[in-house]
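**Q** What follows is a structure written as structure tokens; I'll ask about it next.
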Amino acid sequence: MKEWVREHRIILAILGGALLYRCFALTGDMLFDPVVYAQNAFNLLEGTFTLDTTAWFSHRLTVFLPVAPLYAAFGVHPWTSKLWPLLCSMAQLGLAAALGLRLFERRVVWVGLVLAALAPLDVVYATVLNPDIVISTFLTAAVVCWILGYESPHPRRVLLFASGVCLALAIVTRLFGVILVPFYLLWILWKRPAWRDLWPGVLWGAAGVLAVLVPLALVYLWQTGDAAYRLGVVSGRYGEGAKSEGTRFWYYPSLLLHPRFTITGLAPAAFGLGVLGALVRPNRPRWILLAWGLPILLYLQFGSMSTHAYIPILKRERFLLPLTIPLCLLAASISVAAVRCLTRGRRRLTGVVLGLGLLGYAAGSWIVVDRERALGAWRARAFGDVVAVLEAEPDRPVLFDHWRTRYRFSYYFGFREGADFYRGGTDADRIRRPGGFGGSRLGYLAWYPRADLLPPCFVVLDDDVSRQIEAGDSITGTYRSGDVPAYASPPPPGWQRIGRYGTFEVYRVG
């Protein structure tokens with residue numbers, strides 16, 4: 001054990017630094033989607049969770065199932081909500097190290113790990129309870145287990161089975177996980193293993209997939225009466241009409257132009273360097289990483305959300321997370337080779353040049369991560385301050401301008417004021433549902449057509465809501481003008497303003 005630690009001490013140091021960096025980025029802020037998953041984890045403990053729902057968030061079990069035991073042991077808290085994605089991020093880095101040591105020399109592995117450990121998108125989303133880091137980890141595990149399973153004289157069945165399990169878990173997390181299938185096909189076509197080695201591996205991999213999907217289908221059959229119920233719910237969501245966001249084909253390339261003002265920082269430049277360099281100077285390890293990363297990259301850029309019509313997939317920075325490991329390793333391979341060529345193989349000079357490059361990369365990462373951390377801490381502080389005001393009068397009803405505002409506040413109340421606010425439908429449907437959420441005192445202004453009909457209550461308004469209603473598209477935007485009563489903007493003079501907290505204003509009525 002001591003010898004192993006001594007041999008890999010630099011890798012362990014990088015992983016330790018990555019963990020500290022991610023803990024630094026952790027704040028108490030919970031975005032909208034993470035609150036939905038947190039609610040599902042909480043309702044699992046309360047016995048009120050069901051799969052028989054069209055709320056598609058409820059069918060991404062791999063995102064919130066691991067959180068439920070943490071809530072049971074330690075309660076609802078930002079740390080318990082974010083530990084699972086943090087573990088996923090660290091596991092992904094560990095898997096990258098294992099694969100890198102098999103494919104490359106150590107210096108390439110060190111550089112690749114540093115690039116991935118400092119990638120600001122990965123650092124920030126390592127503490128966000130969203131599917132992105134979860135599916136990224138399962139896809140990485142599937143690839144690593146498959147490659148290592150065949151990197152021996154005889155296929156290692158356990159690893160090949162594990163690859164299938166991880167692929168299935170990625171698909172359960174998000175249907176996008178099927179994009180890894182081209183990697184397996186490309187690997188088989190390129191490697192061309194002997195038939196006696198190939199078919200057992202394929203069978204063990206398929207067995208791993210079935211070991212996850214068959215029991216899950218039986219659970220759905222028991223809960224909903226339809227083994228394919230989940231597929232219908234999720235594919236229905238992906239079959240919605242095209243959105244203009246999906247046609248922004250310049251979006252991902254544009255990330256290269258503004259590294260200081262995007263959450264991806266300098267990582268896209270490293271990704272581009274890795275892909276272009278590998279295409280120009282390919283070798284066996286680089287072909288493996290290209291077969292892994294390129295299908296994902298091409299799908300994110302040009303893929304469709306539907307098999308019946310071309311509906312361009314939405315463009316989001318966080319969707320790039322599954323590319324972190326393959327493209328960082330590619331970038332490291334190209335960078336080390338290029339610097340070594342420039343320095344004519346002088347070892348110390350090569351190390352100095354690489355070190356200076358990584359310092360610049362680290363500085364760019366710090367600018368992005370520190371900015372996102374400060375913003376998250378500011379938002380979390382605002383939620384906490386408002387909750388403190390509202391809890392001072394626990395019997396007074398609280399009315400919110402919009403369903404999304406109320407929903408996020410339910411988390412900061414520890415779901416003590418109800419945990420059944422998200423039940424599918426549109427925002428307008430949710431806002432107009434009557435009360436009775438487990439005795440919750442949280443409600444909506446939209447329940448009252450006139451300001452003089454409001455009971456004695458608190459009113460919480462979010463500037464972000466009013467600003468987006470004024471500036472946004474009333475048909476396709478997140479917030480629509482009809483959802484918030486006109487009398488709330490500006491608030492009537494009879495409302496007593498208690499204070500401003502972040503983007504929130506709190507009023508007392510009656």
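Glycine residues also receive a Cβ, built from the backbone N, Cα and C atoms like all the rest.
Sequence annotations record features per position, and here TrEMBL assigns domain 'Glycosyltransferase RgtA/B/C/D-like' to 72-216. For 83-101, 108-127, 133-151, 158-190, 202-222, 261-281, 287-307, 319-339, 351-369, the entry in TrEMBL reads transmembrane segment.
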**Q** Spell out yes or no: are there three or more C-beta pairs under 8 angstroms between the transmembrane segment (261-281) and the transmembrane segment (108-127), with each pair 6 or more apart in sequence?
**A** yes
**Q** Quick one: do the transmembrane segment (287-307) and the transmembrane segment (319-339) have at least 3 Cβ pairs under 8 Å, skipping pairs fewer than 6 apart in sequence?
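**A** The transmembrane segment (319-339) and the transmembrane segment (287-307): touching, yes.
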**Q** Most CB pairs under 8 Å with the transmembrane segment (108-127): which of 83-101, 133-151, 202-222, 351-369?
**A** 83-101
**Q** When the domain 'Glycosyltransferase RgtA/B/C/D-like' (72-216) is classified with DSSP, how many of its residues are helical, how many are strand and how many are coil?
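**A** So the domain 'Glycosyltransferase RgtA/B/C/D-like' (72-216) is made up of 124 helix, 0 strand, 21 coil.
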